[in-house]
Amino acid sequence: MAQLNQNFIDTITQELPAHLSMDDFIAACDRPLRRSIRVNTLKISADDFKTLMQPKGWTFDPIPWCKDGFWISYDEEEQLGNALEHIQGLFYIQEASSMLPPTALFTPSAFTPSAKWQCVLDLASAPGSKTTQIAALMHNSGLLIANEYSASRVKVLHANVLRMGASHCALTHFDGRVFGEYLYESFDAVLIDAPCGGEGTVRKDADALKHWSLNDVLAISETQKALIESAFLALKPGGSLVYSTCTLNRLENQGVCEYLKQTYGDAVQFESLSDLFEGAERATTPEGFLHVWPQIYDSEGFFVAKLTKTASVPRLQPEPTLQKNFPFTPATTKQAQGIKDYFQQDLGISLPDDLIMVRDDEFWLFPHEFRDFIGRMRFQRIGIKLADSTKHGFKVRHEAIIALAGKQLSPTAKTVDLSDVEAKEYLMGRDISLNTAVKAQGEVIVCYGGAPLGMAKHLGNRLKNNLPRDLVKDKVLLLSEQIKSL
């Protein structure tokens, strides 16, 4: 049972909309969340994913605000994170409400008729659900900078970006309050899913509100105000900003947005989200924000606001000096052609027309748009590592296969499709015996369900596993008999 602090109840009773009841709110807080996932369209379409999973007993209940999101039901004794298709990056386990902010950011409106952003900032990214959703909405084009303040969470973010095949990301590790200074008016769109009190998460954490206090809310709202101001300064004139939290009180939600409006006046134009999806008006505030109480859509509590920056505003700090000693250099024409030929001729992959960069013996692929950000900030990770140069040519990197060996594959690519049992063995680091001995084929891409798992060396009678050791799993779940129909 949810532990609802009486001070929280007293505060939220005053803020609950007139058409909602406190009894329904408390009852909703005690109900477990429906399980939800988002299909990763960077690797597979929603329709193809359904076709893949229906023989395994899956049924799909669509989430109205995310065309690739679905509620599912499964045996809760099993860890869905160990599922073969999850490890493969075909889907992300994501709470339905958290799919709202990217949808709001990329939905055209009266103020933003086109959502084809080239440079997007996700200011507080980890663990990566919204980052990878944005990457899918951008179709792995343009540049997505994903920032995370917590060092340990940067590692989780990086792992999820790689697993989902998001190739046009650059990761940073900074306090989000510096972006308005370092990358002033640089982004077409900014998402800030702000750190918050987490009041909306009580359905998955019964103790989330046990120690709630107004002083904590006031303190965190000051941080949120600084973050939204930094995000606004980093936004180009004419760009869109979405501010979201998984909390419910006005101080952390409407109060933060009102602070920005009071500070920058007419440069801040709120956009109504009442038409974002069918039924959105049930959660729309007078300002046009979405204030999602858990009983409205049987989901987590959430808040989403969207605004347009209608004019440039003065920067608060002088432009910082450009940093020197960037460790990457553009590949020479000969180097670039060599790596392109290797990918095309040996792997059957056509490299995208992006920046091929070199660091020592490493070849990397950067988004073209990253060129304008060189020297302006320190980055933890940029784009994808393609290959290492060796005495005998190149050795492809696993992350390049995961990101590029889907829609980029040519019909002549050397691939081997595995059964689910074989795919499980592969992900557990084991070699795969072949039923029929044939001529050895060298490096091949192993796939399951039409999406790549990694590389192997075809030795004629078996596939020698080339999965990086740090990605080998102790347990891989086959879902054939685990998912229950709704």
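The backbone N, Cα and C atoms fix where each Cβ goes, glycine too.
The number of other CB atoms found within 10 A of the CB of Cys246 (active site, nucleophile), across every protein chain shown, is 23. For Cys246, the entry in Swiss-Prot reads active site, nucleophile.
Per Swiss-Prot, S-adenosyl-L-methionine binding site is recorded for Ala124, Ser125, Ala126, Pro127, Gly128, Ser129, Lys130, Glu148, Asp175, Asp193. Residues within less than 8 Å, Cβ to Cβ, of Ala126 (S-adenosyl-L-methionine binding site) and separated from it by at least 6 positions along the same chain comprise Glu148, Ser150, Arg153, Val154, Val156, Leu157. In the three-state DSSP scheme, Ala126 (S-adenosyl-L-methionine binding site) is classed as coil.
Largest CA to CA distance in the S-adenosyl-L-methionine binding set (Ala124, Ser125, Ala126, Pro127, Gly128, Ser129, Lys130, Glu148, Asp175, Asp193): 20 Å, whole number. The separation of Cys246 (active site, nucleophile) from Gly128 (S-adenosyl-L-methionine binding site), Cα to Cα, is 15 Å. With respect to their backbone Cα atoms, Asp175 (S-adenosyl-L-methionine binding site) and Cys246 (active site, nucleophile) stand 20 Å from each other.
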